[in-house]
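What Swiss-Prot annotates here:
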type    : residues                                                                               : note
BINDING : ARG23, HIS135, THR364                                                                  : substrate binding site
BINDING : GLY110, TYR111, SER183, ASP208, GLU209, ALA210, HIS211, THR239, LEU240, SER241, LYS242 : pyridoxal 5'-phosphate binding site
MOD_RES : LYS242                                                                                 : N6-(pyridoxal phosphate)lysine
Amino acid sequence: MDSHPYAWIEAALETVKRAHWYRSVQTIEGRPGAEVELAGQRVLNFASNDYLGLAGDQRLIRAAIQATEQLGTGSTGSRLLTGHRELHRQLERAIAQLKQTEDALVFSSGYLANLGTIAALVGPRDLILSDQYNHSSLKKGASLSGAKVLDYPHLDMGGLAELLQTHRSNYRRCLILTDTVFSMEGDVCPLPQLLAITTAHNAMVLVDEAHATGVLGATGAGAVEHWGCTDQTLIQVGTLSKALGSLGGYVAGTAVLIDFLRNRCPGWIYTTALSPADTAAALAAIAVVQSEPQRRIQLHENVQGVQAQLQNLPQLQEPRGRFRLLPSQSAILAVQMPDPATALEVGNALKQAGIFAPVIRPPTVPTSRLRLSLMATHTPDHCQRLGVAITTALARSLS
């Protein structure tokens, strides 16, 4: 036995490095946008979740400054003690209006919203069925709940139905967990099919709208609106930190669900309330989402333009080639790579060409990939330069 109780950490880190899984932070200087300063280099930003370009919007900045001047920098306590402000309820009402639900509840982060909500809804006598590619917060929330957790194959509604048929009757409650837009693939859950299956088996459904809110749907309400399912009873969780350009998370649903979570959700009860600045910025962002649909239109035009470029690349047209463009109906485009080393090589080549596009490697994803995030503020020239840089990087890797 090793004499030092922490000695294993260094060995574990070396294993990570040998597998090409090692990660480190990259410093962005200045305000976020379609172009940013990355470690002193001016680059095109295809790495951000700021899909509508609102994180640097002057209206959000002014709202945050005004709230800070009026209410201070911190909320100073939990919502049930000293942390509640009328601004929080204004944001919750705005989220409920956007999501077309009866009420909403704001959390300090989207990750915390998932952990806390899942733990409040199910326990050791219950069953969770989870898409195998769900976000870490859904997976971790399921694990911590104490419920029996079974994964179903990615987007496989037949597989989900089979698990329900086999296992549902053995448990008190059943909760289905799924992202609506999958963050590392860009594909979208077939929500009408899922709801039809789960309704037949008396199962609750929790959807994570993190990458759909502000992006999908006629008014930007997300994938639930996109699929025409706003009249269905389900639990919608999301974040304020992506298309809405702020920080925090939310749960939207029925009034009784939200009232229950205020009383039974540890991730909301026992944590400090969202800061006034973040709350005000998110509230301003929702107003922009509802009043400026052209941002979503431009975003989807950018996505379609880049998709068309990538689909025409010879390196991505071979059925069994080393590189593959994954199917996507969102602002996220992923190019699958054969291995972590190749992914790093392509990512470095893009960075040298002035393109910031992250490579995602195991264990975050099952296979290495280049993950591209499009923004409404990308110009046609930005998208064209991205296509040229990817063409060159893939050709260099093949040679």
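Numbering starts at 1 and runs along the chain as displayed.
Placement of Cβ uses the backbone N, Cα and C atoms for every residue, glycine included.
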In whole Å, how far does the CA atom of LYS242 (pyridoxal 5'-phosphate binding site) lie from that of HIS135 (substrate binding site)?
15
Where does THR364 (substrate binding site) sit by DSSP, helix, strand or coil?
coil
Cβ-based isolation winner (fewest other Cβ atoms within 10 Å) among the binding-site residues ARG23, HIS135, HIS211, LYS242:
ARG23
In three-state terms from DSSP, label GLY110 (pyridoxal 5'-phosphate binding site) for me.
helix
Other than GLY110, TYR111, SER183, ASP208, GLU209, ALA210, HIS211, THR239, LEU240, SER241, LYS242 themselves, what residues in this chain have Cβ atoms within 8 Å of the centroid of the pyridoxal 5'-phosphate site's Cβ atoms?
ASN49, HIS135, THR213, GLY238, GLY249
Please work out which residue of SER183, THR364 has the most C-beta neighbours within 10 angstroms of its C-beta, and give that one of the binding-site residues.
SER183
Inter-residue C-alpha distance, GLY110 (pyridoxal 5'-phosphate binding site) and HIS135 (substrate binding site) (nearest angstrom):
11
When you rank SER183, GLU209, HIS211, LEU240 by Cα distance to ARG23 (substrate binding site), which of the binding-site residues ends up on top as the closest?
SER183
For LEU240 (pyridoxal 5'-phosphate binding site), which residues in the same chain are close in space, meaning a Cβ under 8 Å from its Cβ, but six or more apart along the sequence?
VAL106, GLY110, SER246, LEU247, GLY248, GLY249, TYR250, ASP278, ALA282, ALA285
Specify the count of other C-beta atoms within 10 Å of the C-beta of GLY110 (pyridoxal 5'-phosphate binding site).
25
